[in-house]
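**Student:** Annotation source TrEMBL lists transmembrane segment at 14-38, 123-144, 246-265, 271-289, 330-354, 369-394.
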Amino acid sequence: MTSSVITLESTPTWAVAAVVFFLISISICIEHLLHLLAKYFNKNRRKYLIQALDKIKSELLQLGFISLLLTVGEKPIANICIPKSIGETFLPCSDPSNDSPEEAKCEEQGMVSLLSRQGMKELQYLIFVLAFFHSLSCILTFGLGMAKMRKWKSWEAETRTLEYQFSNDPRRFLLIHQTTFARRHLRFWSEHRFLRWPACFLRQFYASVSKVDYFTLRHGFITAHFSEGSTFDFQKYIKRTLEKDFGVVVGISLWVWILSMLFIFLNAHDFYNYLWLPFIPLLMLLLVGTQLQGIISRMCLESQEKSQVVRGTFLVRPSDHFFWFGWPKLLLHLMHFILFQNSFQLAFFTWTWYKFGFRSCFHRKTEDIVIRLAMGVLVQVLCGYVTLPLYALVTQMGTSMKKVIFPEKVVEGLKRWRANARRNIALKNNYTSARPSLDNNTTSINTSPSFGASPSFNLNTPHCVKFDQPSSSEYLAFGVKDEGKANSTNRETKDS
């Protein structure tokens, strides 16, 4: 008995309308939820989270368009015929079962399709599951990072207490080995690279960021970029930095797609990928965490070589030379690949489970299933709760200061002030060109920021701030003059 395929010609219109209405309702609900989330971020001035949300929308649109192309090109792709000898190479299973009907065009030629229609339908399921898992992975990563940094908020509040100010009084002098930070990092293994790396590897599993590490890195950052005793809220700055880094992690770039295609290719049975492929994201993540812990120890060693006496508290000096190739963002791009690869492996496992059953040729043994699930969960938790917050803290020890040093309100004030200044300068130039006989020295246009247009900053020592990778449209710089207790800040902006 053969079963005939029922098309829309023989399907009740009410059934078609009901299914379409259900799908449209789900789409509208998801779109409305994303709109409310963007409205909430905009209300709380979380610009970088809005950018991350836009990247997630772009990713969903991209994956949806790929699925649409697979649907439209289902028949043309299936009609591409290849020899059977080539079609039987690099199979994911050692004994595959081919129950799907072959295209008549290829069957007549004694060949097989490049990708059957059934295979393209199954690939569409994989794309949907990948979009779901990657979005879920990004949300979990950010949530775990915020949960880890919640403890840092109490540490930041402690820096404003009298007890902290007394213990870090710059009029006190200590030997470097008497400080808590030195006792934590200056051990017998610190000066030997082959002993320091195993210690840093183990440290990321227990107290990856201790209170003394946070206080010391905070003190080094503020000393390098601000005045001594500044009340700068370092924890909020780290929080804004994590939000900006999150916008990089959620995106999918071309090189990530290329490496993902390599993962699909290596899924062939000939490579025995179940023995080594699930461990790659974990090993890369542990390597990044070890490097971050090693940077803290190296900063401690460098400070010890310069002086054996500490004034007030231990001082570390930020510099890009602690990072690989002098490029701190390289670690962030590695975590970007790690998270996407991990979500891809979890999506691939879920897809094979749904389409081919829990015991399929993709994972026959119980050990394979346990390894894939354990590695996926471990990488997700370790990256979100340990490595990404550690990265957000340690990368502040680079040479450059990030633009998120300014809160969103301050950035808006600086932009308004720049617009007012440029408008006043334009008016002055127009007035001068219209009255050439007048002496230019007698014309005075006030280009200082008006009240409410630009905020002021109370910083004590003169310094110059260098932002990491300034945007092409604007560059913010400011100078600070010391006038005793009364401090004034003059900022100017210019096009790059």
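Including glycine, each Cβ sits where the backbone N, Cα and C put it.
So that I understand the layout, could you describe where these features sit and how close they are to other parts?
**Tutor:** Counting residues 6+ beyond its ends, the transmembrane segment (14-38) has Cβ neighbours under 8 Å at 8, 50, 53, 57 in the same chain.
Same-chain neighbours of the transmembrane segment (123-144): 52, 56, 59-60, 63-64, 66-67, 70-71, 115, 242, 246, 249-250, 252, 339-340, 342-344, 346-348, 350-351, 354-355, 380-381, 383-385, 388, counting only residues six or more beyond its ends whose CB sits under 8 Å from a CB of the stretch.
Counting only same-chain residues 6+ beyond the ends of the transmembrane segment (271-289), those with a CB under 8 A from a CB of the stretch are 201, 204, 208, 263, 331, 334-335, 337-338, 341-342, 345, 363, 368, 371-372, 375-376, 378-379, 382-383, 386-387, 390-391.
With a threshold of 8 Å between CB atoms, the same-chain residues lying at least 6 positions outside the transmembrane segment (330-354) that come near it are 122, 125-126, 129-130, 132-134, 136-138, 141, 245, 248-249, 251-253, 255-256, 259-260, 263, 267, 277-278, 280-281, 284-285, 288, 291-292, 323-324, 360, 362-363, 369, 372-373, 375-376, 379-380, 383, 387-388, 391, 395.
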